[in-house]
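Feature annotations, reproduced from TrEMBL:
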- B:CYS224: active site (ACT_SITE)
- B:HIS303: active site (ACT_SITE)
- B:HIS387: active site (ACT_SITE)
- B:HIS391: active site (ACT_SITE)
- B:HIS420: active site (ACT_SITE)
- B:ASN424: active site (ACT_SITE)
- B:81-369: domain 'FAE' (DOMAIN)
- B:386-466: domain 'Beta-ketoacyl-[acyl-carrier-protein] synthase III C-terminal' (DOMAIN)
- B:20-43: transmembrane segment (TRANSMEM)
- B:64-83: transmembrane segment (TRANSMEM)
Amino acid sequence: MTVSVETRRSRVTVYAKSTAPSLTPVKPGKTHEFTALDHSMSRHSVHLVCYYRQAPTVTMTALKESLCDVLSYYPAMTGRLVKNEGDGCGEWMVKCNDAGVRMVDARADTTLDEFLATATDEEERQLAYWEDVGSDPYLWSPYCIQFTDFKDGSMAVGISCTHFHADPTCVAVFSRAWSETHRRALVTCPPFFHPWAFYPRKNPVPSSPHLSEKSTIPPPLHPPAMSSVTFAFSASSVRQCLADLQLSNLSPFDALASLLWLQISSYKSASLGTAQLTLAVDCRRRMSAPLPLGFYGNALHFFGVKADLSSGWSHIASELNRHVSGIKEDDVWSSVEWLHERSKEKAFQMYGPELTCIAWDNVPVYNAEFSPGAIPVYVGCRIGNVQGEGLVVIMAGAPGEGEEARTVIVTLPTDLTAQIYRDEAILKYGPKIMFSPNI
Amino acid sequence: MPAQPLPDFSTSVRLKYVKLGYQYLVNHFLTLLLIPMIATCVLELVRRGPEELISVYNSLDLDVIHILCSSFVIIFVLTVYYMSRPRPVYLVDYACFKPAPSCRVPFATFMEHTSMICEDPKSVQFQTRILERSGLGEETCLPPANHYIPPNPTMEAARAEAQLVIFSAIDDLIKKTGLQPKHIDILVVNCSLFSPTPSLSAMIVNKYKLRSNIKSFNLSGMGCSAGLLSIDLARDLLQVLPGSNALVISTEIITPNFYKGNRRDMLLPNCLFRMGAAAILLSNRRRDATRAKYRLLHVVRTHKGADDRAYRCVYQEEDSDGHCGISLSKDLMAIAGDALKSNITTIGPLVLPMSEQLLFFFTLVGRKLINPTLRPYIPDFKQAFEHFCIHAGGRAVIDELQKSLQLSAEHVEASRMTLHRFGNTSSSSLWYELNYIESKGRMKRGDRVWQIGFGSGFKCNSAVWKCLRTVKTPVDGPWAECIHRYPVDIPEIVKL
């Protein structure tokens, strides 16, 4: 069903493109290899946008200088993709050739507050400029940083990168390191380059029924157009949700993820039965030899949760809770080893075609303070190339809204998005609706 | 065991001692002549005794008039001699612009941008080959406007670059010398490719609030050798104005000169030219003699523009697509060698010790009169100078000069390392090289420096400086943070 919409002209204009080198040259011959998890994510991209109020030290020129400074710690970011001819495996790896990251300058024809109140999904996407790999990967920058100036002097910093290199946590930790470098403070989570972190164990048990199933699903012939909407739940709304569930030991994630799963599924088909939801959880801290937060690369564990949707919201929520808290390290290793076995084959769609949800609310994202005491007003995160039934990202909410506040970014086929953001059950909790599609 | 006949080595050692003896004899000929004469006179005086000396004096029958007239003549001659001597020109100090590392252009970034901007893959390949063999390093810097894809060469960006490089250098110089801007009497600025109205010298007068009766000059279009031309102009002015100082600024503004086309002979400047500037304070005041670093001994200018080939060798013109660029002809090295030979012929007699000049003269006479096949004698300039600053125009220029002047690797180290760290900064490169030598702690009192610049026209200019005080390390300047890493080994080809 096509809906004719009046598309408003976008207020964001990109006017210049350049490249930022690192301050210190990289030693020639340095390389960075990818793990099996990195290879599996190669079809997607990560986009993180942080919005800042006007401050004397937060200007485009100053930010570009500190970006060059922090890049000295991230030689893998300034490198380029090459095929690893060395040990004959022919896989992609990063040659740290010191080429730098792409920078894009843009301006928005509105003030920050007005933008946050009235911007569409399309306009928010334009704050994180992204170009897919062209004909020559050696000339393509896997990172792109956009600086957008608002009319009132506020600024939005959009960091886009290929999911090959980094997962959302990695990008958030980078923005924090960048802000600490800008303030001339100590970098609390320096990058940890360790591609052997996910090397198969001595006695590997490669098995991932969930991922095997995903890999066999053929890509759709006519993938539907996707659009997104953002729900910003304040702490009181989340507490209300938890109160309504009447179960103890549930986290805000359980409540919100189950609510959205239930509502989205109810729009897809009239009758609800057993359904499966793919969850993606950051497993840096879940390994027995925990990886530091600064671990550079992907550490998202994908697994499936089955629940009977007709049993009601509370049941779904408790099922989610049970599965998330019950993740065993062995499962993580098994799925890593399974991916390692098939790493030579083409990567398949990780976010999709079935409904996926990323549990990202335990990762702090509002700590990138470019000027002392000035945290971002809002932080948004998107994943590129989501297809199929859609993606739900649950991340920490703006600090002003309270500790339990959450921001939920829902990406669905366009006609579903139109329905979900008018959904009564969700609107009952009074979330602020941001970046809705242009309708 | 019988002594084996010594090989050629012994003859060459003997030759070396002969040569050394010859040099000492000829160069100190006057001293060797005067000392015995003075000794003889002193002995004679001592032998004769004071009474005999007084009687000799009385016999001369001098009276007051004679004494007064002779003293007057002596004083008159001495005054004429001192007044007609050229005023000494001292280099009080100089400062070079240090670019911010965020303006750095690594090879990979340069090649990526070139591939994205240039439509012709052959040009991209050509530029890759140039960069591989250029002798540049990974830390050379381009102005901010050239970092954009495509570069954004507006006049505002060019002025911004000019203000950045020139004002940084002048601020540095003011800090080092305690110079007060309102005490500057002469201002000479040279910047070949960017000449706005009002001029760059007017921009400096405006920024530093210089005096209204300042003698300011702005030299543009004079190429990479214009730095020494400005020094020459400042020196000539300092001969006419007593008790003055001169501020000389040498720079090249890169922003407006990015070549957008595909002609190969015009692509070289894109690859080699980098941001840089130098500010030099010259003075003819006596009180600056004690704190000055160098004294200017000679400036020799050679202009080969009368020859058509030399005139067209570095030529700015539009290509067939209308893009403006500077074309470098294939016989650039030959013409440079020619210009250098002319310059050496003029500067040789001024700086070479008598031993070398005599050898050259006798070989010349021998070639002309006795045997035309005699090899021409190339004077050994290493005896005239301790340090050489060769314009870091490119690896080929330095190689060519090293060969023709028979210099060792250490003599051209300053030029090669400057090319590696800062690229071809045009007229200011000579000052970066001088700063390298100082930073390495090699500049001692009494050392002589030869600065050679080449530029469009075709011009070859030389300046000879004498060091007045040993420069102590560490030296504050563009090399301060990286001097410990140098010298580096620069490979013939860097694989990109």
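Positions of Cβ are set from backbone N, Cα and C atoms, glycine also.
It should be emphasised that the depicted structure is a prediction, and the values quoted were computed from it without experimental measurement.
Using B:CYS224 (active site) as the reference Cα, a 10 A cut-off selects B:HIS391 from the active-site residues B:HIS303, B:HIS387, B:HIS391, B:HIS420. When Cβ atoms from all protein chains are considered, those within 10 Å of B:HIS391 (active site) total 30, not counting its own.
For B:ASN424 (active site), the same-chain residues that are 6 or more apart in sequence and have a Cβ closer than 8 Å to its Cβ are B:CYS224, B:LEU272, B:PHE273, B:ARG274, B:ALA392, B:GLY393, B:GLY394. Around the Cβ of B:HIS303 (active site), 16 further Cβ atoms fall within 10 Å across all displayed protein chains. Every protein chain shown contributes to the tally, and the Cβ of B:CYS224 (active site) ends up with 30 other Cβ atoms within 10 Å. Around B:HIS420 (active site), taking its Cβ as the centre, 21 other Cβ atoms fall within 10 Å, counting all chains. Across the fold, the C-alpha of B:HIS303 (active site) and the C-alpha of B:HIS391 (active site) stand 16 Å from each other.
Put simply, B:HIS420 (active site) is 13 Å from B:HIS391 (active site) when counted between their Cα atoms. Sorting each residue of the domain 'Beta-ketoacyl-[acyl-carrier-protein] synthase III C-terminal' (B:386-466) by its DSSP state yields 34 helix, 21 strand, 26 coil.
DSSP gives B:CYS224 (active site) a helix state.
Cα of B:HIS387 (active site) to Cα of B:HIS420 (active site): a span of 19 Å.
If you draw a 10 Å sphere around the CB of B:HIS387 (active site), it holds 22 other CB atoms from the protein chains shown.
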